[in-house]
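Everything on this sheet refers to the single structure shown next.
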Amino acid sequence: MKAIIVKPPNAGVQVKDVDEKKLDSYGKIKIRTIYNGICGTDREIVNGKLTLSTLPKGKDFLVLGHEAIGVVEESYHGFSQGDLVMPVNRRGCGICRNCLVGRPDFCETGEFGEAGIHKMDGFMREWWYDDPKYLVKIPKSIEDIGILAQPLADIEKSIEEILEVQKRVPVWTCDDGTLNCRKVLVVGTGPIGVLFTLLFRTYGLEVWMANRREPTEVEQTVIEETKTNYYNSSNGYDKLKDSVGKFDVIIDATGADVNILGNVIPLLGRNGVLGLFGFSTSGSVPLDYKTLQEIVHTNKTIIGLVNGQKPHFQQAVVHLASWKTLYPKAAKMLITKTVSINDEKELLKVLREKEHGEIKIRILWE
């Protein structure tokens, strides 16, 4: 079958025919691939920059792709022929308690597999076989934006985790019982920053997006339709602090030099949460004893945010459907481009490089 393969830790990517018998199979349901999503993780693997990416045992290549929508070929165990489905990409170690109850996002051994990334073949191939417990149904009404359910699942889990952490505060809701008075700063306005903004606004929190430039057309649409605030941070964050004050939640969605944290930690308010989502690959954070004392004395929390599981995929499906009503203009702009699997030149280009203003590029299997 045709597949997109990589050979981590080496850079490079190929579209080639491979022997199906040499590829990982995960169950009995045959799924024909319709769409794959491309994200920063894929590009880091393609460009040889993701050090945690490893080959499946005994193999010299890895099928790329952890974002996919496919169609069920034969009815089986609650799934009907023709159903659209999305696979959950992280699979448990089979040892620790969290993995045994379907939560490998909290794997205690670190021996989990991640399709298309770590130890498991991914879904950038013509078809694959899977287990029902790792499949989420995608309504045909959101087929146009459904590929976003995978990255959105990670954001669903992240916000769920933040809200769970904030239960440590006796009262974190506002005087009307909502979260409408809580302020969030989302640093970084790429695909992840946009999804964080949309979901925080859906929950009712007040949001500021920040980047070192003016917003793109897509970002401007999100800002206007969700009534989000925007701050150009090219000259630092002093003006934001003076005009808005401190924030209840700060999200680092930049994936940029980690030095950015030194600029935003002073913006975090009492009892606040700093959520780290982006994977920085350079820099260091200057933390003196006074900053650490303040973190302790004012009950601040710093938390790593990663990987949604099946419940979060299901929540993502619901929210994507709701955004087509709540934020219809933004929803229509979330898929930046669709590239045919048969257009190899363009395909290899988008697998290597992010396009300006990109939210999500998807591959169409024809």
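These residue numbers are counts, starting from 1, taken along the chain as shown.
Note: Cβ is positioned from N, Cα and C throughout, glycine not excepted.
These come from Swiss-Prot:
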BINDING   Cys39, His66, Glu67, Gln150  Zn(2+) 1 binding site
BINDING   Thr41, Asn89, Glu114, Gln150, Asp154, Asn307  substrate binding site
BINDING   Cys93, Cys96, Cys99, Cys107  Zn(2+) 2 binding site
BINDING   Thr189, Gly190, Pro191, Ile192, Asn211, Arg212, Arg213, Phe277, Gly278, Phe279, Leu305, Val306, Asn307, Lys354  NADP(+) binding site
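Features per Swiss-Prot, on structure.
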residue	record	Cβ neighbours (10 Å)
Cys39	Zn(2+) 1 binding site	18
Thr41	substrate binding site	20
Asn89	substrate binding site	27
Cys99	Zn(2+) 2 binding site	21
Gln150	Zn(2+) 1 binding site	25
Thr189	NADP(+) binding site	24
Pro191	NADP(+) binding site	23
Asn211	NADP(+) binding site	20
Arg213	NADP(+) binding site	10
Asn307	substrate binding site	19
Subject >> NADP(+) site span - longest C-alpha distance across Thr189, Gly190, Pro191, Ile192, Asn211, Arg212, Arg213, Phe277, Gly278, Phe279, Leu305, Val306, Asn307, Lys354, in Å >> reply: 29
Subject >> Cβ-centroid neighbourhood (8 Å) of the Zn(2+) 1 site, Cys39, His66, Glu67, Gln150 excluded >> reply: Asn36, Gly37, Thr41, Asp42, Gly65, Ala68, Asn89, Gly116, Ile147, Pro151
Original post:
Once near-sequence residues are set aside, which residues in the chain of Asp154 (substrate binding site), 6 or more away, have Cβ atoms under 8 Å from its Cβ?
Top reply: Ile192, Phe277, Leu305, Val306, Asn307, Gly308, His312
Original post:
Can you check what DSSP calls Asn211 (NADP(+) binding site), collapsed to helix, strand or coil?
Top reply: strand
Original post:
Out of Cys39, Glu114, Thr189, Asn211, which of these binding-site residues is nearest Cys107 (Zn(2+) 2 binding site) by C-alpha distance?
Top reply: Glu114
Subject >> Under 8 Å by Cβ from Glu67 (Zn(2+) 1 binding site), same chain, sequence gap 6 or more >> reply: Asn36, Gly37, Ile38, Cys39, Asn89, Phe123, Ile147, Gln150, Pro151
Original post:
Given the Zn(2+) 2 site residues Cys93, Cys96, Cys99, Cys107, which other residues of that chain have a Cβ within 8 Å of the mean position of their Cβ atoms, reported in sequence order?
Top reply: Gly92, Gly94, Ile95, Arg97, Asn98, Leu100, Pro104, Phe106, Glu108, Thr109, Gly110, Glu111, Phe112
